[in-house]
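As annotated by TrEMBL, L-histidine binding site applies to Glu147, Ile148, Thr149, Arg177, Gln191, Asp195, Arg335, Tyr339, Tyr340. Summarising the annotation, TrEMBL assigns compositional bias 'Low complexity' to 48-59. Per TrEMBL, the feature domain 'Aminoacyl-transfer RNA synthetases class-II family profile' maps to 76-398. The region 'Disordered' annotation in TrEMBL covers 48-81.
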Amino acid sequence: MAASASASLRHHLLLLRRPRFALSPIPTFRASSFPRLHQRLFASAPSSSAVEDGESSSSPVMPPDGSSVVDVNPPRGTRDFPPEDMRLRTWLFDQFREVSRIMAFEEVDFPVLESEALFIRKAGEEITQQLYNFEDKGGRRVVLRPEITPSLARLVIKQGKSVSLPLKWFTIGQCWRYERMTRGRRREHYQWNMDIFGMPKVRAESELLQAIILLFERLGITSSDVGIRVSSRKVLQAVLNMYSIPEHLFTEVCVIVDKLGKLTREEIEKELITTGLSSEAVQGIIEVLSLKSLPKLEEVLGSNVEAVADLKKLFSFAEQYGYADWICFDASVVRGLAYYTGIVFEAFDREGKLRAICGGGRYDRLLSTFGSEDVPACGFGFGDAVIVELLKEKGLLPDLSRQIDDIVFPLDEELEGPASSVASSLRRKGRSVDLVEDKRLKWVFKHAERINAGRLILVGKSEWERGMVRVKILSTREEYEVKADELQ
């Protein structure tokens, strides 16, 4: 028996010494090649709305009892994450977390389901029209959060005096908005937020900008690929003061002028006039918001205006941090959310093919809108969708093929127990191990190539009787025997 087993093992190893096989292409089947019963499992055509939205057609599947048709696609605007996509998401989130660690931020998290009141504001913001909101079974108005900052503010208020300022927190969470889908914009996305509470000076903004730029640099993106536009809400406030425009119109005007670049100048002017602004004030606002030079802004507003002083200090910090070539002044940047109060910024691709990559700013008066004492704060949100599109454009997506350290394979059914012992021992040592059985050795060899396995560990009868296993290093074809309890 031992001689027979040994001969069998030699035969298996001869197979292993053959050149590696190329992966066979997956066969393609036409619907006509399936039996009629299987053809009935699939719907015939996508709806017109699906085509208009640029979404893939549905593939409803009939359950075995024939009760109803089940759509196997996720809801419109949402995503599945099969293994290859999950590897990319995990890699990107790891980059977010590593930059946050380098910047000495702590991670926090909150429920994706929040109170609707946290996100309902009266400034006419587009986001309030895009809420996934409903009444739960207890009669409470709730919402799938469309952004993260209000949740963060809620947690800061909840923690109260139990935490010391400044707080430097980050999170990576899912956000939901019911909006028209375009490239890099879905109805759900994941977002990296970094926020600082309790730091009133522009040092906070300069730190956040460095975090964003460190992330870009880690991903291989340069300042020739991406820029960051910087301005301040105080610029617009100073212009409104020049024309004696009432304070209560400030937020509404911000929401309108945030549409610059999305609507025509004539449409923006028309919307501003409907708020009660004079034509002279509207023209003055548009002209100032067209400025791209900080010295020119200083000429218009004067050097004593707080907005100018803040921006000059920020650009000075940029020189000291070494990222001045990444940022530029653009007075038209105001950001669409009502709670911003000071410096605002957004990153853009210089070729202009994509929407904003990330954005943020200062929001010193957010906490008081929730009935708490205000704390100076600033932060940014950085979505997962646009950055991936940019990495694709630049050919910077990493190779994230599946990689396994070892495959353990028993050559006979009676060796399944010993193979389990070998696999378990390796896993306890931290190695990733795929335990394979009930397969031909040829299949195992192809499987090893598919998953980029480093080693193939064969458990054969004669070797095991001597306390040994056979190891094949798949990259070099090197083979050797080793004691099972010494396998590392």
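For all residues, glycine too, the Cβ spot is worked out from N, Cα and C.
Just so you know, TrEMBL annotations never went through curation; they're auto-generated.
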Students should find that the Cβ of Thr149 (L-histidine binding site) has, within 10 Å, a number of other Cβ atoms equal to 21
Give the residue from the binding-site residues Glu147, Arg335, Tyr340 that has the most other Cβ atoms within 10 Å of its Cβ, counting over every protein chain displayed. Tyr340
Distant-in-sequence Cβ neighbours of Gln191 (L-histidine binding site), under 8 Å, six or more positions away: Glu147, Ile148, Ile172, Gly173, Gln174, Cys175, Gly381, Phe382, Gly383, Asp384
